[in-house]
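Shown next, in structure tokens, is the structure this report addresses.
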Amino acid sequence: MSVLLHTAPPDRRAGAVAAWSTAVGIGGLAGNAGGALILQFLPWQGLFWAYVPLALALPAWVATAAPRIPRQTATLDLPGSALLVLGAAALLFGIIEGPGRGWTSATVTGAFALALVVFALFVRHGLRAAHPVLDPRLFRLPRLLAGSLGIAVTFFGMFALFYVNAQFLQYVKAYSPLQTGCAIAPLALGMMAVTKYGMRWAQRAGEARTVGAGLALIAAGLLLLATADARTPYLCYLAFLLVMAAGAGLAMPTLSRAIVASVPDHRSGMGSGLQGAARELGAALGIAVVGTVLSVRFAAGTGHGATAVTAFADATALGYRIAAGVVLVVGCAVVWGLRAGARAGRGGS
């Protein structure tokens, strides 16, 4: 993202941001479809081996193809990075282990307490460090805070789908891994089609309305998917996926642009890093929360005599509904923040 912002002319930066956002979203979809293709013909270890040539080739390609940008004097913030990773790991551990160990167990409450303490230390470090990995003072900007929160909740909803979708199609619909990958592939096409026009709509209707519409569509898609079962025709299921694709196509490029436009040029790298952190944390939370709901509900369903397929479909529906609720609630805060940022921008101009 930093390279794009430094090299793209000002009149083409919006398009560059939209292209970058689309590529990030499609990357997640490609992982689902490509992983399904690998599992159709190879054991699960093939998922990891297939990534090795990409991990070796792509950095070399980027190093030769990407234009050079002025080197900045900032140093790597190892303590801040370590605190951020440790805090996120403790938070995710508590969410994942809560159902099995008990939410009031010493291990789980200790994990949440550790996450709280570590994040507090991370903020303190960021305020004192000369070159922090993330300057907490940036969150005083309502537009940047809303954009970061919006990116996180968008990936929360999308990766809740990615985590559940493959299992639902294979266990409930009895699809093969290859059929499962092909079934979700149109989601990428829908996202690309909407992203092309999403930035234009944002310029006309405003960021808050565009993002609000996008997050509402993601939540609507999750609620529609919650109604699916073994008898749902694929075309209906595809329509539900395309609703989510439209929402992601509207929200992601607009949110990315809101973040990068909120930081000065010399801090574009930090803005890019903030997007990455929000994206990864949102995706991890989506998987952890929905996966936890799925396992607890499935165990309860089979314990009451339901068939495995029925119990899994019921657990999937509950996971989707909870994810939709999170997207809607957080989405309201995001829209409010974007509107506050717009008012602050008009007041300062």
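In case you wondered, yes, glycine gets a Cβ from its N, Cα and C as well.
Per TrEMBL, domain 'Major facilitator superfamily (MFS) profile' is recorded for 1-343.
Feature annotation from TrEMBL assigns transmembrane segment to 20-42 (among others). Counting only same-chain residues 6+ beyond the ends of the transmembrane segment (20-42), those with a CB under 8 A from a CB of the stretch are 1, 4, 50, 158-159, 162, 165-166, 176-178, 180-182, 184-185, 187-188, 191-192, 195, 248-249, 252-253, 255-256, 279, 283.
Beyond the ends of the transmembrane segment (48-66), by six or more residues, the same chain brings 3, 34, 38 to within a C-beta distance below 8 angstroms of the stretch. According to TrEMBL, the feature transmembrane segment maps to 48-66 (among others).
Among the features that TrEMBL reports, transmembrane segment is placed at 78-96 (among others). Residues 108-109, 111-112, 114-115, 118-119, 121-122, 125-126, 129, 132-134, 277, 281, 284-285, 288-289, 291-292 of the same chain sit 6 or more residues outside the transmembrane segment (78-96) yet have a Cβ under 8 Å from a Cβ within it.
Look at TrEMBL and you will find 102-123 (among others) tagged as transmembrane segment. Through the fold, the transmembrane segment (102-123) approaches residues 80, 83-84, 86-88, 90-91, 93-94, 134, 136 of its own chain, all at least 6 residues removed from its boundaries and within a Cβ separation under 8 Å.
Residues annotated as transmembrane segment in TrEMBL: 144-166 (among others).
Residues 14-15, 17-18, 21-22, 25-26, 29-30, 32-37, 40, 165-166, 169-170, 210, 214, 234, 237-238, 241-242, 244-246, 248-254, 257 of the same chain lie 6 or more positions beyond the ends of the transmembrane segment (178-199) yet place their CB under 8 Å from a CB of it. Residues or ranges marked as transmembrane segment by TrEMBL: 178-199 (among others).
TrEMBL lists 211-228 (among others) with the feature transmembrane segment. Counting residues 6+ beyond its ends, the transmembrane segment (211-228) has Cβ neighbours under 8 Å at 150, 153-154, 157-158, 160-161, 165, 168, 198, 202, 236-237, 239-241, 243-252, 254-255, 258, 313, 316-318, 320-321, 323-325, 327-328, 330-331, 334-335, 338 in the same chain.
Taken from TrEMBL, the feature transmembrane segment covers 234-260 (among others). Tertiary proximity for the transmembrane segment (234-260) is limited to same-chain residues at least six positions away from its ends with a CB under 8 Å from its CB atoms, namely 1, 5, 13-14, 17-18, 20-22, 24-25, 143-144, 146-148, 150-151, 154, 157-158, 161, 183-184, 186-195, 198-199, 201-202, 207, 210-211, 213-222, 224-225, 228, 268, 271-272, 274-275, 334, 338, 341.
Under the heading transmembrane segment, TrEMBL lists 281-300 (among others). When Cβ-Cβ distances below 8 Å are used as the criterion, the transmembrane segment (281-300) is approached by residues 28, 88, 91-92, 95-96, 98-99, 151-160, 162-164, 167, 311-312, 314-316, 318-320, 322-323, 326 of the same chain, each at least six residues removed from its ends.
The transmembrane segment annotation in TrEMBL covers 320-338 (among others). Remote same-chain partners of the transmembrane segment (320-338), defined as residues 6 or more beyond its termini with a Cβ less than 8 Å from a stretch Cβ, comprise 142-143, 145-147, 149-150, 152-154, 156-157, 160-161, 164, 207-208, 211-212, 215-216, 218-220, 222-223, 225-226, 255, 258, 286, 289-290, 293.
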